[in-house]
Amino acid sequence: MQGPTLAVLGALLAVAVSLPTPAPRVTVYVDPPAYPMPRYNYTERWHTTGPIPSPFADGREQPVEVRYAASAAACDMLALIADPQVGRTLWEAVRRHARAYNATVIWYKIESGCARPLYYMEYTECEPRKHFGYCRYRTPPFWDSFLAGFAYPTDDELGLIMAAPARLVEGQYRRALYIDGTVAYTDFMVWLPAGDCWFSKLDAARGYTFSACFPAREYEQNKVLRLTYLTQYYPQEAHKAIVDYWFMRHGGVVPPYFEESKGYEPPPAADGGSPAPPGDDEAREDEGETEDGAAGREGNGGPPGPEGDGESPTPEANGGAEGEPKPGPSPDADRPEGWPSLEAITHPPPAPATPAAPDAVPVGVGIGIAAAAIACVAAAAAGAYFVYTRRRGAGPLPRKPKKLPAFGNVNYSALPG
């Protein structure tokens with residue numbers, strides 16, 4: 001009797017030992033990092049607000065590379081990395097003897113019939129003989145405030161790192177890289193494992209979620225403005241430090257490096273374009289009833305705004321309704337102690353300088369200046385009159401003898417008179 005009982009107890013003990021130990025839901029102390037310096041010197045240049053280009057401009061003549069990014073565990077980091085062959089592009093610029101190039105990097109989240117702008121960065125007067133982004137001028141990085149709380153660009157500023165992303169982050173992302181007006185698209189299909197990370201930047205009570213989603217027509221009509229729907233954030237060096245610090249305080253381990261995302265073969269699109277429909281009404285009606293479309297709307301703060309009226313999605317349509325997720329607090333809430341706040345490093349575009357009004361002159365001083373001017377004019381007039389009268393009394397000035405041409409070998413002058 002004892003033998004079978006001990007065997008059963010041993011089997012139960014073995015099963016218990018093999019079960020994963022639940023991670024403690026506590027934060028740990030991590031030395032706050034110092035505010036990092038930029039990798040090189042550059043001038044931060046603001047631009048007047050302008051439209052964000054449409055992510056739906058691809059087609060047969062503009063192929064899209066598709067990658068697959070997956071996370072091993074709910075509380076891990078996730079990397080969206082794909083080489084856009086930018087080194088080859090810069091080498092071709094060197095061969096053309098180009099002295100500089102301009103570039104823009106934009107990230108979107110592609111939904112059913114619409115796209116959410118997530119990140120926008122411009123580079124001007126860049127050196128083609130150096131690595132990408134080594135430029136004389138740069139704009140501040142503009143972010144979706146929710147994504148900025150747990151994601152940051154890679155060191156080359158072409159990839160994207162996410163720390164413990166929540167379930168609603170799953171889906172399709174598109175990176176648009178513009179170099180001197182030529183665009184290269186890369187799509188990333190993000191997959192997350194089952195379960196939720198306890199410290200992900202998502203809380204139903206506080207309502208963290210993405211911002212508005214815009215159909216293709218609103219991008220084409222230049223209604224999606226970068227300074228209206230995106231927020232200025234820390235530079236890449238500081239952004240990486242603040243997210244890594246938050247991640248490590250919750251027990252996370254930052255990998256020493258991230259591998260490139262694997263290739264992915266998407267299902268063939270009907271028109272050879274993007275795997276996501278560009279937002280026409282028929283596609284929205286057909287896909288709005290599917291299970292995936294319903295899940296996407298629930299996980300991303302409500303359905304996109306109506307397309308029939310051509311207006312931007314309303315706050316209620318993007319998470320503003322009661323009981324639905326709403327935009328969260330400022331993404332710099334987890335900044336290390338002693339760091340400047342987000343408000344301290346951000347500034348609006350400088351207003352045009354207005355000339356200052358001249359200071360008022362006292363009445364007494366003005367009268368004195370006028371009297372002195374009148375006296376000077378009177379003295380000058382008196383001097384001119386004195387010289388004129390002297391010349392009249394002396395008679396006309398003697399005329400200089402006129403030189404006449406020689407006659408033979410004799411030179412002579414005409415007599416005065």
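Placement of Cβ uses the backbone N, Cα and C atoms for every residue, glycine included.
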Would you mind checking which of C75, C114, C376 shares a disulfide with C213 in Swiss-Prot?
C114
Of the residues C197, C376, which one does Swiss-Prot pair with C75 through a disulfide?
C197
If you pull up Swiss-Prot, which of C135, C376 shows a disulphide to C126?
C135
C-alpha of C114 (disulfide bond) to C-alpha of C75 (disulfide bond): distance in Å?
28
Between C126 (disulfide bond) and C75 (disulfide bond), how far is it from one CA atom to the other, in Å?
37
Nearest recorded site to C135 (disulfide bond) by CA-CA distance, among disulfide-bonded residues C75, C197, C213:
C213
Report, as a single number, how many Cβ atoms besides its own are within 10 Å of the Cβ of C197 (disulfide bond).
22
